[in-house]
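Participant: What TrEMBL records for this protein is below:
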{"type": "DOMAIN", "residues": "3-37", "note": "domain 'LRRNT'"}
{"type": "DOMAIN", "residues": "222-273", "note": "domain 'LRRCT'"}
{"type": "TRANSMEM", "residues": "286-306", "note": "transmembrane segment"}
């Protein structure tokens, strides 16, 4: 059709342009202005410089799929499109993502898919800065799966009041203590499956309870550690209707609890003889040790005071013995130092 880039397929009635697996190294500059859905996938694209998608020419572009390319950098202003609602950057090895990629005035973006695109830690921090800036306040779906994430930056989701779906599955998350879900009043679905979570602490569970419409939490395939620290999680699972398939959640350790369903755990199954709050336990031990040492010191001083006369006499005796001993050494030294006294001593011995 007229106005369609040479290596792309266009459909004006569907307002769609597809440039799939065409070995493109740059976004075609002559995209038709009617395009509403644009697919540029499976190409060796490496950069998205500013002005890649002219806002005036592509004022109706609402869905942009750039997955499966070789994108490394997303520069400031490269995605500043006035009608953009959906963006898919999955399967790209991003190393730089400008917090101003969507322009200075914010974006109407509603869905952002970054599956397998955040392997670089610096990109994760840039994304966190972008989300915290409030530029994506209309975002309702955020997909961060398959990124090998260990921990999430604190406060990463605090400026997303419209977020409804959050996918963090198939990462390596070991904890959520520094993650705040406060402010996500519209959150309906949270996927935490296929991570390395060992326990969810009461502070996190309290946040889940406080979210009014959160009804779909997925926790499958995590490394649940069934010791005393998991009591709060088990109690929450038994009373909550937020977790999907909670009957299938099982212990991964210790060995004696391997495979046991979390919902079937009771107090007798857990060895709670050792308090889980170790810092508090150590603090109590140090205080007790200090008290014991103080008592020993006081008793020692009391014994010294009660036996002060005997100790004084004993010290005098030691002093006199040392003085007599030193006088003997001194006398023998004088004899050895004077030859006359030495001869006299020898004669007297004879």
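Backbone N, Cα and C define each Cβ position, glycine as well.
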Participant: Using DSSP, how many residues in the domain 'LRRCT' (222-273) fall into helix, strand and coil?
Facilitator: 24 helix, 5 strand, 23 coil
Participant: State the mean pLDDT for the domain 'LRRNT' (3-37).
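Facilitator: Averaging the confidence scores along the domain 'LRRNT' (3-37) gives 95.
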Participant: Give the residue counts of the domain 'LRRNT' (3-37) per reduced DSSP state, in the order helix, strand, coil.
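Facilitator: So the domain 'LRRNT' (3-37) is made up of 0 helix, 9 strand, 26 coil.
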